[in-house]
Structures are given as C-alpha cells and as structure tokens.
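Student: Attaching a single structure in structure tokens format; questions to follow.
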C-alpha cells in the first residue's frame, strides 16, 4: 500500500487578504462610536490619540476637553459640563489600523509527523468496510452504523501514518458521504451529519479531545459579535458548522470534527480583535448646511460601489443632534481627505451673502433673557431686561393677593387693578436690527436667530458663555429667641465676645471661664472693658468648631427658644422667599353713610378696604457666588406676631423685628446675626372687687404687679454652594440620615423618647406598639 496525507482544510491566507478589505467597511454591533465631549470653540483643532498613549495622557486630554469656562469653588475657571448642541470643534481619534490579528494569521500551521505504522489501500470499498477496518481492527472499539449511511470510497496512503491519525482519515471519508461518527455511551455511532448533534452531543469548553469524532464546542468572543463572526466564518466552514450565535451572551457554538474545530478556532482568533481600536474615527461639525443634505453627496463620492473606487473604505454616521457626522475608516490618511471634501460641501448660497434662520434650544436660562442679552451685545438694544435687574420693593399685601372692597350691601367689588401681562402676546419676544435679530419662543424655550453664518459663529461663542448651568445655594437658618437674664443681661453679643474672644486663656488667674469675668472680655479688651450698647446690631462669621461652641453655650447658659429653622435651595442670583405664619386682616379704609336721597331717606351702607398682612417668620434671601466660593447674601428677615387690639381702629397691633443686610461668607461657614433686642412691660392689677378701686384706700385691698421681659433675636445662617449633581445628592442623603435619627416626643415631658422612628415603624407593622421590649431580641433598648 502507498501512503497519502489526510485531507485538511486550507489555511486561507490568500482568502484572508480579500476578507480584510471587506471587513474594513463593516461595523460590529458592539463597536459604537462615542460622542465627543464639548470643547472650547476658541481653541484650535487637535487630534486625540488614545490608542497609542497612556491612560494618564488620555485622562488629561479628556479633562482638558471639559474645561469650558464655568465657575469652580477653587477659584479656577472651567467645568460647566457637556453642551451637545454647541460642539463646534473637530475631534479625531487615530486608530492602529489593525483590523485582524496579524500574529495569528502569520503563525505556521502544524505539520503531521513523517513516520507511521499504518497504511491504507481502499479501492471503491463500501463505507461499512472502512469503518470496520479503522474502528474494529485498529481501535478495537464497538460501533453502530445507522440506516441511511452508505457509499463507496477510494483512499490510498503512499507513506505510513500513525494510528492516532486514522480517526481523522475516517472522519474525512465519512464527511465525503454526508456522514459522521459520534462517541456515545462507550461506543461509536456512525450516522448522517444532520442527526449527529440532536440528542447525542452537548456543548463543552476547553481543549478538544482526540478520537471522539464529531463534537460541539462553545467559543466565547471578546470584541466582535457572534452574528458578525458567523458571517465571517461562512466561507471557511461547513453549512452545519454553526449551531448557535448568541449575541446576548457573546458566545458562538460550533460543531464538527476535531480538525474542523481547530481550523474554526484559528480563524476566530484572527478576526476577534478590537475593531474600534483599529479604526480611525473623526467627528466633523457642519456650520452652514444640514447633515441630511450633505450625506447623499458624500455617499456618492466615497461609498457608491458603482462610481467610487473607495467603496467600503469609509463609513459616515450622521448625528443630527450634534450638527455633524462621524467619519470611520481604517486608513488615518483618509480622514484628512474626508475633511477637505466636507469643507467644500459645507456651504450654501446664504454662506456667501445674506442671512438665514437658526434655531437654538436654550437649556439653562430663559430664552427671553438670553434674547435680551444677545440683543444688547450685538444690536446695542439697551440694557437687558433679565433677572439681574434690581427688583421692585415688596408690596404691603401678601404675594398674589389684592386689596378688596368689602360691602354690607352686596358681593365684593371688583379688584382695584388687574395684573398686567408681561412680555409680548403669544409668548414671543423679539429684539434686533436689520442685519441680525433674536426672537424668543417662551413655550418651547427656544431662540430663533436670523444672522449670516459669520455672525452666527460669533453668536454661538456668546451663547456658549451665557447658557451655562447655574449654581445653586442651599441656605440653612436658625432663628433663636434668647431671654436676657443673668449672664445675658447685656445681650448675647457681650456673652459671645467673652466666649469666643478669649478661647485661649493666657492668664491663669483671670479668664473667661471664671464666673463674673466672661462678660468683661471683648475683642482686644481686658478686664473692666465697658459693655457695648444693647441697641447695636452685630454679626460673627463662625467656622464649624466655633459654631458648636457658641450654640452649646447658648443652650447651657441661657433660656432659649428656637422660633424657626427654615432651609431652602435657590439658584444663584435668584431671590427666594419663605413665610411661616398667619395672615392678619387689616382695615385700611372704612366708609359708612346713607345711599340715595329724597323723602324717606336712603339705604345705609358700610364699605371697608381690607389688606392681609403676613406675620410670623418671613425670610427673603438672594445669594451671589463668586468664583472663589465666597457667597454674598442679600437678606431680609422679619419675625412678627399679633399684638393687642386697638379699640379705635379695630386692628391688631403687629409686633415685629426686622433686619435687612448684606453679608459675605464662605460656603459651609455660618453667619450669626444678633442685636435685635425687644422689651415687653406689663402691669397686672388685682384685688377685692369694687373696694380695690377706691383712691388711696384701695391699695390696702389689692396689689399691682409690674414685669419687664427683655428678649433678643439671634439668626444663624449657613449657605452651602451646590455645584454638581453629586453635591445635591449628598445634601439629600444628609437630610435623610438626620430624619432617620429623629425621636418621637414624650407628650408628658416634651423630651425625645428612647425609641427611634424605624423601631416605631416596625412595631406598627407587627402590632406590638406599647409593649415591653424583650432585651435579648431588641438589642437592649
């Protein structure tokens, strides 16, 4: 017998070169271009090469892209965030141009051994005889031949082969007759290929064993999608090779003989590479035409297989939202060529002369305000009427209320004045001149711009700086009423000056901590310093530690009452108001008389004009943050309550304490305002009815008690700048934690109980409220 090499699938190196050209125009499902971050228009175009640089270089490049001139608390500029509609810079990422594994494709194929001990000479032998010769005689194994397996084969070896190669010869000869061999239950089964997998084989991973015939292998993919890999394998694999392509799990299930599976795995290793890393990607914005208008022209130039020799070398991805398109190619040199053609196509008649209409979706401010700002900048339309203008003083009536006429003869009269409509009819405000104009559409918060392309570029630069995300300021306040007795006889200021001014005691004999001496210590003063005027206002700026000392001292040494502790969040440079209290009706005008005339007289009437006056805790605050994090606060604070009734006017007197001031404080620090001292004098006469009112002698049968109560109002204000979404979430989480730590009050003592809110909720659900807890099960509460 002569020997002959067994059949083996070709390596496919020649076909591989043809596939590379085909692959360059194909994108996998996992390779999705990422939109570039917004960048400063004033900076020149730069190329970003993340593939060849280090991770630190890439991080620094990305950080530089986000530096767009916002406000930071560290005093530096930058960091206003992404602005998708305002990307006006080319972003280029140069790839490696490696769309396949060159090392795997260049690897030498395994060479079969030259020596052997088995020779075959099959001349038109039936397949059953071949199975008997190899399985029965060489391997000495049991086998079954299923019905439907038939055919004659001719196979002659010119050189002897090894015995372990005989199984590969049999698998090849069976495949020529559309049959396969499966090892199952300790025996071999020869059956048609279509019946080999169902009910006989299960997928597995790891090395492919020898001598097991037809097998099923799981192949996990790293970069390319299974469906795309199935398409690439189609020219090299049998029609029944791919059992399943699962995109959700990223796996490919293959079936075949050991030699076939090894060939499939070598092909997968060649093509399973990072396609996105190998491709060069660029984003090019368009200035004068829409993306949809230029796409057909680009496709005819670069991607039409009938008219362009570059068909398959380019992919164009239009992005209407960003006003540009992505260019994807495997050759970095083609990006510059595509850019030149885009600049030639990015022009229209209006770019040469004349103006056109642009629509900008305003994101962070009102479109009306932005139109006013731009009108003042580009058309000289005067001072913008935006929110930065000084606001009118507050009216004497409550917000949203009108003075009404109350009559005893009928229904309320009409309001004295109707509210005026602000802005233009239909919610559209326009400003500008003949060459450029700005129109705000309030319903959609859009800005319509009529300008030439050159003018629009300047407008875009201004919009980029104006339409930024505003900062927010969270203002926490505590309004405390202190009874001025004992150590607080001279006021809270005198006490705190001794407390904070001598925090470090350098004289062991005389110090602020000694009774009777702390009130004498002031800023720069010594023993015997005069007391400050009780009517003068004061303020301190306290850090966290100093605030804790001051508040703890007030709680320990003084009789205090927290009137209110409001907190609110407001936009930068916007006014916020909070009102906690009641509305008191105040009669401003009262008329009475008789209407009509003649014999018999007319009808009597009574008419009064009533206004509702807000009382309680009223706070108005307008913050302004500078780039260094310093917060300027315009404060208007009022604490008022209903007083005694005036019998003449029929109105109640309103006792109020107000303060209007402007302070500056660093974010997170606390401002303490004080000096609002009030004194209430009361007289109480009591005695024997009738007798106690007799002059001179009545004093023997009664008594008169006079009392004076002095109180001072102290306001603690803590602003905190909220710069990012993370700051807002941290603030919300802090309030949630504080709420969880709340304790219900004991109605008898007014003090917090030892049961927390979460435990109380559990007791309500289990029906055990009020029962004695088990120390072992309840953790010792």
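Placement of Cβ uses the backbone N, Cα and C atoms for every residue, glycine included.
Feature table excerpt (TrEMBL):
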SIGNAL    1-31  signal peptide
REGION    30-82  region 'Disordered'
COMPBIAS  59-75  compositional bias 'Basic and acidic residues'
DOMAIN    121-185  domain 'GspD-like N0'
DOMAIN    216-275  domain 'NolW-like'
DOMAIN    284-348  domain 'NolW-like'
DOMAIN    359-472  domain 'NolW-like'
REGION    382-435  region 'Disordered'
DOMAIN    553-723  domain 'Type II/III secretion system secretin-like'
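Locate each feature and note its surroundings.
Tutor: Across the domain 'GspD-like N0' (121-185), DSSP classifies residues as 26 helix, 21 strand, 18 coil.
The average per-residue pLDDT of the prediction over the domain 'NolW-like' (216-275) is 88, rounded to a whole number.
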Student: Counting by DSSP, what is the helix, strand and coil composition of the domain 'NolW-like' (216-275)?
Tutor: 23 helix, 16 strand, 21 coil
